[in-house]
Amino acid sequence: MAVKWTGGHSSPILCLNASQEGLVASGAEGGDLVVWGEDGTLLGHTCFQGAEDVTNVLFSPSCPTKLYASHGETISILDVRSLKEPLDDFHVNEEEINCLSLNETENLLASADDSGTIKILDLENKKISRSLKRHSNICSSVAFRPQRPQSLVSCGLDMQVMLWNLRKARPLWITNLQEDETEEMESPQSPGQLLNPALAHSVSVASCGNVFSCGAEDGKVRIFRVMGVKCEQELGFKGHSLGVSQVCFLRESYLLLTGGNDGKIKLWDVSSEIEKKHKSPTKHTHRKKTKRAAYTKQGGGTHASVTGEDEHGKILPKLSIEHGEKVNWLLSTKIKGYRNILVADQTSCISVYPLKEF
C-alpha cells in the first residue's frame, strides 16, 4: 500500500518536484503550493494571488532553496524558506502555462502554454530570448536535453513532437504521432484510434540526452533517439488502456515510469530495446541488471515480469501498480536513501510507493 502525505492541499494536486536535498514541492488547483520534508511533514504553504492553478513546480539544482512555479500565465521564483512573497515574477506567456523546463546550465527556462507557444526566458538578463511557435494546439510538455543546454523537445495536443535548437526559431524535426504510425507498433491502426487520437501529453529525456519518451492519449508509449538534427522512433508499445498522462525516465538509466488515465503506474526497462539497435552503451547510463520479480497486490500492489519481454517479444512492465486514480504527475526520488515513486492524482494527497528493487 502507498503511504499518503495529507494535510497540505484541499484540491487536486497537479504537479510535483523534488530537490537534491530531499525537499518535495507540490502545486494544486486554486493557486496552492506546498513544500514538504522527505518524511511528508509540511514545511511551508502559500496561495498565489488570483488563485490560478499551479501547473508546474521546479527546484533549482544549483540552489536547492530556489523554486520555480507556474500559475496561470505567470512564472514565480520563490525561496522555500519564506514562501510568502515571490523573489521574482515573470509575465511572459499569453495563455496558461502547462510545463516548465530548466536547462542544465540553469540560464534558460522554457515555458510551454495553451497557445502552443514555448517562451525561453533568459534568467540572467530577465528577458525573453526566444519565442518558439510551431505547435498548432496546446503545448503540453517541454524538456531541455541533459548535456545540451541549447536543445529541447516538446509535444502537444496537435499530436506533434518536435526537436528544437535555440539557435534557430523553427524546429529541426517534427513528427505527427497519428500519421507516423510505423510497423514497429505492436498492432495495426484500429478504429479505436479515432476515438483515442495520439494527443501528446508528456515528454521525458533520459540522462544521456539522446533518448526521450513521449506519452499520448492513444495509450501508447513511444521512445525516440536523437540522431543529429532529426529523431528516429526506437520503440512504440501500448502501455496503458487509456491515455498516458505522464512519462518519466529515472536518473542515469533507461528505466521509464509511466502513469495513465487508467489509474495504473508502470515501470519499463527499455534499455535492451535501445541497445539492440545501438550496440555501444550510451554515455552516462548505469543500469542494474535485476532478475528479481516484483510483487503483486491490489490497491498499491504490483505485477511484474522477471524478464522484460514475453514469448512473443512484446515488452512487459517490470512493475505495475494499481493506483486506482487518474495520474496527474509522477516523480521518482530518493527518500532516506531509498528510491520512491511519488504520485499526484485527482485527490488532495500525495501517494508514495517504495521502489527498492530498482
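Every residue, even glycine, has its Cβ placed from backbone N, Cα and C.
Values in this document were obtained by computation on a predicted structure and should not be read as measured data.
Features reported for this protein in Swiss-Prot:
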type	residues	note
COMPBIAS	278-294	compositional bias 'Basic residues'
REGION	278-309	region 'Disordered'
REPEAT	8-46	repeat 'WD 1'
REPEAT	92-131	repeat 'WD 2'
REPEAT	134-174	repeat 'WD 3'
REPEAT	195-234	repeat 'WD 4'
REPEAT	239-278	repeat 'WD 5'
Quiz item: How does the model score the repeat 'WD 1' (8-46) in terms of mean pLDDT?
Solution: 97
Exercise. With DSSP as the reference, give the number of residues of the repeat 'WD 4' (195-234) in helix, strand and coil.
Key: 1 helix, 25 strand, 14 coil
Quiz item: Residue counts in helix (H, G, I), strand (E, B) and coil for the repeat 'WD 5' (239-278), per DSSP?
Solution: 7 helix, 18 strand, 15 coil
Quiz item: Under an 8 Å Cβ to Cβ limit, what residues of the same chain, 6 or more beyond the ends of the repeat 'WD 3' (134-174), are close to it?
Solution: 98-105, 107-108, 110-118, 120, 197-210, 212, 214, 216, 222, 224, 226, 229-231, 284
